[in-house]
Each structure stands twice: as C-alpha cells, then as structure tokens.
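According to TrEMBL, the transmembrane segment annotation covers 27-48, 60-81, 97-117, 123-144, 156-176, 188-208, 229-247, 267-288, 295-316, 322-340.
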Amino acid sequence: QEVKEENSPQYQNSQKLASHEPRNYKWWISIIMYAFFVIFGQSASTLLGRLYYDKGGKSVWVATLAQLAGFPIVIPCYCLAPPKSCTKNEQIRQPSAVILALVYLSFGICLVAYSLMYSIGLLHLPVSTFSLICASQLAFNALFSFFLHSQKFTPFIINSLVLLTISSSLLIFQTNPASHVEVSKGKYAIGFICTIGASAGYSLMLSLTQLSFRKLLKGETHAKVFEMVIYQSLVATSAAILGLFISGEWKGLSIEVEEFELGKFSYAMTLIETAIASQLFVIGAMGLIFKVSSLFSNAISVLGLPVIPILAVIFFHDKMDAVKAIAMVLAIWGFVSYVYQCYLDNQSSKNEYRNGSEVSKSPLLEEVS
C-alpha cells in the first residue's frame, strides 16, 4: 500500500511541488554558515600553506597531511547531530556497509590525490597565481555536472565558463611567472599543471559526492555530511602518512622543525591551524552540496578565490601586475554571470511553485463545490 501511495500521481505531484517550495529561514542560515566556512577555510588554509613554505617548510607530504588531519574536530558535531525522524513515506532502503566502505575509500584516495597536487602547486607558484588558477575548477565542475547531473548550459553559464577558463589561462603567459627567483620556469609549469589537475580532481569529487547524496545517502540529515567528511578524511590521512614514510620525507622533519624561521611552536601552530581551516572548508563544501548542488558549492569557492590575491599582496607582498588584475576581474565577472543564472532559476522555480499550487488546489475546490 505504501508503494502504491508513493507511485500515485498525487504523491508524485506533492513531491514535485516540494522541490520548488520556497526555502525557510533555517535553510538560508545553513547556506550562509556553510558559505562562510568555505570562503574563510579556503583563504586561511591557502595563506597558511604558503606561510609554511616561505618560512622553511619543504615537505609536500606534510603540507598535504595538514590539509587532511583535522577531521577529529568534526567528530563532536557528528555525535551531537540530531537523528532523522522517519515517516512511512521516508523509509528508504539504505546502502550496504560494503558499498559505503567502497564509496568512502574511493573518495579518500581521490581526496589525498588532489590535495597532494594542490600542495605541489602551492610550492611552485605565488599564492595569488595559485588561487586564480583554481578558478578553473568551476568550469570542470560544470562539465562533470553536465554528464552526471544533466546540468543545462544556459548563455550565462557558458559565459561564466569561458571567462573563468580565460582567467586561469592568462596566468601561464606571464613574463615573470614566479615571485621567488629560485623557482624556475620548469617548476612553474609543474605547479601550473598540478594546480589544474587538482582543480579537475576536486570538481570531479564534488560531482560524485552530489551523486552519492542523491543516489545512496538520500533522505539523510546533516549527520551524513559529517560522516562522509570523517571517513573519507580518515582514509586520506592514512594514505598521506603512508606517502610521507614511503617518500622518505619523514627523515628530514627534525631538521625542518629546527630551521623553521618562526620557531618550533609556530611550526606546530601553522600546521594545526591549516588542518582546522581545511576541515572548515571541507564541511562547508559538503554542506552546500547536501543543501543545493556541487556546482553551487564550487561557485561559492570561486567567489572566495579573488580574496586570496588581495590578502597575498598584503601579507606576502606578491605583485599584483596587469595580467593578474585582468585574470581576477574575469574570475569575478564569471562568478557574477553564474550567480545571475541562479537568480533566474530561483525566480522560475517560484513561478512554477505558485502555478503548481494553484493547479493542485483547483480539483479540491471543485470537489468541495
């Protein structure tokens, strides 16, 4: 009987209307909170990662581990997350433990892979250049969303993708690519390629995470967001520790700590703060995927990228030349174009909800009359 109710036209119509129902204030508070986590966590972790390298840090595996090892701070949030109260229409078959383990294992490996590429990119690039290249992740995410989620390409979204692609491509034509004389053009090229690869990997993971939420973990609460963060970070952290020992970089850690310009305490605090900021970013990104979509989560991330070059000029004295300025303007323009498309979609959803509500009420009025 419950299956018949779920397959009935009345039930399907109510579910369709619910998808276009205007959001309440709690929903908006969650979006604002997650967006803040993304922008703050991304900016802080990137600047702290650059600080680690500038003051004597040399290990890309340590920098990668700092991005991943902060997941224990999420455990109290997971324990305090309220359970979902299920009704008869929400009794959804849950995936098996084996499937969940494979999902978390795959995501963890993907997470450590693109985090390592981010670390290599940040090692060889100025932080402002690094952040602007990362703007290409929105274009990658839109491409993956087209194949995995049937994302529609409107003129405004196409305009956004073109501008963001040009924005990141401009940076490879700089005549003085590195902010430090010891970084050669070859290392700059490696950093550029790794950052592009990391942006593509990050975008793919966001799209796959959205697919998992909708196909495997549907009907869940925020606890499932924390659970995914914890388990995939546990796998990624384990892989990073393994990579640290296999690469042999662990042998030079004692010397690295001694030679760190700001001292041993600052060395430890830099890595700890990087771990905390990175986890705030991951929580925010996952939360936005859970609440809206992977493309929206990536758009908020791109929104925060132009902030990093400005902070880099202030704290690291990076040069804001004409190429970087143009790239930053194009990145902002591309994001605004995407946001305007979201505004149009929201207006369309409201109109569809109103029309659907009127249609659903009319048979009831006829029956009463």
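Each residue, glycine too, has its Cβ placed from N, Cα and C.
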Legend entry - Tertiary contacts of the transmembrane segment (97-117), as residues 6+ beyond its ends and Cβ separation under 8 Å: 60-61, 64, 67-68, 194-195, 197-198, 201-202, 204-205, 208-209, 212, 216, 228, 231-240, 243
Inset, instruction - Give me the stretch from 229-247, 267-288, 322-340 with the greatest number of Cβ pairs under 8 Å to the transmembrane segment (123-144). - result: 322-340
Legend entry - Most Cβ pairs under 8 Å with the transmembrane segment (322-340), selected from 27-48, 60-81, 267-288, 295-316: 295-316
Legend entry - Most Cβ pairs under 8 Å with the transmembrane segment (267-288), selected from 27-48, 60-81, 229-247, 295-316: 27-48
